[in-house]
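Taken from Swiss-Prot, the feature signal peptide applies to 1-30. Residues or ranges marked as pyrrolidone carboxylic acid by Swiss-Prot: GLN31. For ASN43, ASN87, ASN188, ASN216, ASN228, ASN244, ASN285, ASN298, the entry in Swiss-Prot reads N-linked glycosylation site. Under the heading site 'Transition state stabilizer', Swiss-Prot lists ARG68. The Ca(2+) 1 binding site feature in Swiss-Prot is assigned to ASP73, VAL76, GLY78, ASP80, SER82, GLU94. Annotated substrate binding site per Swiss-Prot: PRO169, in sequence order. Under the heading heme b binding site, Swiss-Prot lists HIS200. Among the features that Swiss-Prot reports, Ca(2+) 2 binding site is placed at THR201, ASP252, THR255, ASP260.
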Amino acid sequence: MHFSSSSTLFTCITLIPLVCLILHASLSDAQLTPTFYDNSCPNVSNIVRDTIVNELRSDPRIAASILRLHFHDCFVNGCDASILLDNTTSFRTEKDAFGNANSARGFPVIDRMKAAVESACPRTVSCADLLTIAAQQSVTLAGGPSWRVPLGRRDSLQAFLDLANANLPAPFFTLPQLKDSFRNVGLNRSSDLVALSGGHTFGKNQCRFIMDRLYNFSNTGLPDPTLNTTYLQTLRGLCPLNGNLSALVDFDLRTPTIFDNKYYVNLEEQKGLIQSDQELFSSPNATDTIPLVRSFANSTQTFFNAFVEAMDRMGNITPLTGTQGQIRLNCRVVNSNSLLHDMVEVVDFVSSM
């Protein structure tokens, strides 16, 4: 079909409401597909990749940080870029949630990425898809698998602070708590939990999140008994009592900047950095996760295959599609005059059909 934007906009404004409602319903049923931007913004992945490559020169942590942003976005109302929104008078930002405050990072990189994409393809690529592509590219650039992610998401109109506080897994979670957290967002396979936890194969963590493990586990005055004793002494040297709680420690002591399967080798040796990681192998409830840890430790390709599958499943958690939500021009704020702007998006969407 071919319409001029002005004629279609006039038609949508003047036609009886039922016709526009039917149009809206049909567009809202759109499905995610890796080819979504093949015609409208074919270079989006290259733009994202180039932005990350430039940032890695000065910030080797950024790839892991972007992957974490995507994870924390998808666990709160689906992958809708709600984590990128700043505070407004209408809602509190998810950046202030317990799992994000003083730890979520990489927002300026996403800003630069979005500006570059907007310059090449105005009003086309959502922030939700941008963050999804950025997570995939970050993994690949760090030595992990390469795959084409399903696309076509749109951006939320608000943030969800309370939901972020309720949904984001904590570093002190037990295995049953982790399973509940994943199950609550539709990730009910043990392989989802174990494979996605492998995102901790690169990146860093702050001392504040492991102090109890090192010195006062479960208020016993003793360290976590599942910690390898040699590794315990190493961590205590990096995170001493009364030390800097913001000091950084590598998640993976073997290959801290490479996306590989060494995270699982560490778990087998009781060298998981945070409690929720080691729970996958050392919990009394780990009968279903231990075989997966061993399988991934034995085969990088087995881990990569499971990780890609789990990432696609996570990326498909209740996405906004079609005419739901909007395509933000600035990932930090909802578009002003959003009703008129979103109507223009509908016109553009129909005109491309």
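Glycine residues also receive a Cβ, built from the backbone N, Cα and C atoms like all the rest.
Between the CA atoms of ASP73 (Ca(2+) 1 binding site) and ASN216 (N-linked glycosylation site) there is a gap of 31 Å, rounded to the nearest whole number. Most Cβ neighbours within 10 Å, among the recorded positions ASN43, SER82, ASN216, ASN298: SER82 holds that distinction in the structure as shown.
The candidate set comprises the recorded positions ASN188, THR201, ASN244. Of these, THR201 has the most other Cβ atoms within 10 Å.
Fewest other C-beta atoms within 10 Å: among the binding-site residues ASP73, ASP260, that description fits ASP260. Under 8 Å, Cβ to Cβ, and six or more positions away along its own chain, ASN87 (N-linked glycosylation site) finds THR93, ASP96. Cα of GLU94 (Ca(2+) 1 binding site) to Cα of ASN228 (N-linked glycosylation site): a span of 35 Å. In this structure the alpha carbons, written CA, of SER82 (Ca(2+) 1 binding site) and the residue listed as 'pyrrolidone carboxylic acid' are 20 Å apart. Of ARG68, ASP80, ASN285, ASN298, all annotated as recorded positions, the residue with the shortest Cα distance to ASP260 (Ca(2+) 2 binding site) is ASN298.
Report note: the Ca(2+) 2 site is defined by THR201, ASP252, THR255, ASP260, and the residues of the same chain whose CB lies within 8 Å of the CB centroid of those residues, excluding them, are PHE202, ARG254, PRO256, ILE258, PHE259, ASN261, LYS262, TYR263. Separation of the C-alpha atoms of ASN298 (N-linked glycosylation site) and THR201 (Ca(2+) 2 binding site): 15 Å, rounded to the nearest whole number.
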